[in-house]
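Shown next, in structure tokens, is the structure this report addresses.
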Amino acid sequence: MTILENLKNLKIGEVLEREPLKNHTTFKIGGPCKALILNNSYEDVRKTVEFLRNNNQKFMIIGNGSNLLVSDKGLDFFVIKIGENLSEVQLEGEKIRAMAGAGLGFVSKFAIKNSLEGMEFSSGIPGNIGGGVSMNAGAYGGELKDIIESVKVINNNNEIINMKNSEMNFSYRHSRVFEEDLIVLEATFKLKHGVYDEIYARFKDFDNRRREKQPLEYPSAGSTFKRPVGYFAGKLIEEAGLRGYRYKNAMVSSKHCGFVITDGESNFDEVMHVINHVRDVVFEKNGVKLETEVKILGE
């Protein structure tokens, strides 16, 4: 039997062969993977990961694909998608426990609805809990590390364990997940009760600023570049004269230079052309090397 047949026999959820990843990324770009796996429980995820690791099969975890740029040629490995099937959110006093597939925006609004403050900054981040925790997502001066109490993960021994905030090695857009290939299943957020009207007002302020300044109407992967130390990526790009720079169907947003967007008809090569051109010109003019915040797969 093939690896794929054995995987299906595990009864660990849905296994979609040669599934186009453009259906699972916010850029709407990406060719087929070997198979996309949709698990229904933590144990299903654990069994899938254990099977793939034991059979030396390369794989990756995705959420809603909001931070990915995938080659049109696709990926010659398995993809486990932790999404709607694992998106339950529970209120526990001043804490919120959220599965990895829950959207950050949804969890933030859930907190606001229950008069809990501390998550307002994350309401507009397009990713889900799993991806957000992994990269310590942040906005408007806040980061998830500031409110995370603990994280449930699958470790390298294929065990489901709980890790304290202090064990996660959080820093700017980084966590221990990247150091040890941990897989986030769930996070518990420690918040505090506040006045609903005040919490909602902060949320609306962030939301209005985001809608005013970010190109939400176009396909993208959010903020394309990491913030260089001592600089703002968008400002460097604007100073380099690249606002609105376009290559075929991909472009630097005229609304916010930190975003590379498409008109919905673009492809991997066009987006990469824009990203590389921006990096080259900014380095030439300012001597600053921009690093992508977007994860690029299949170059």
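Numbers run from 1 along the shown chain.
Heads up, the Cβ atoms here are built off N, Cα and C, so glycines get one too.
Annotated features in TrEMBL:
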- 29-194: domain 'FAD-binding PCMH-type' (DOMAIN)
- Arg173: active site (ACT_SITE)
- Ser223: active site, proton donor (ACT_SITE)
- Glu293: active site (ACT_SITE)
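When the alpha carbons of Glu293 (active site) and Arg173 (active site) are compared, the span between them is 8 angstrom. When Cβ neighbours within 10 Å are tallied across all protein chains shown, the highest count among the active-site residues Arg173, Ser223, Glu293 belongs to Ser223. Here the CA atom of Ser223 (active site, proton donor) lies 12 Å from the CA atom of Arg173 (active site). Confidence across the domain 'FAD-binding PCMH-type' (29-194), taken as the mean pLDDT and rounded to a whole number, stands at 97.
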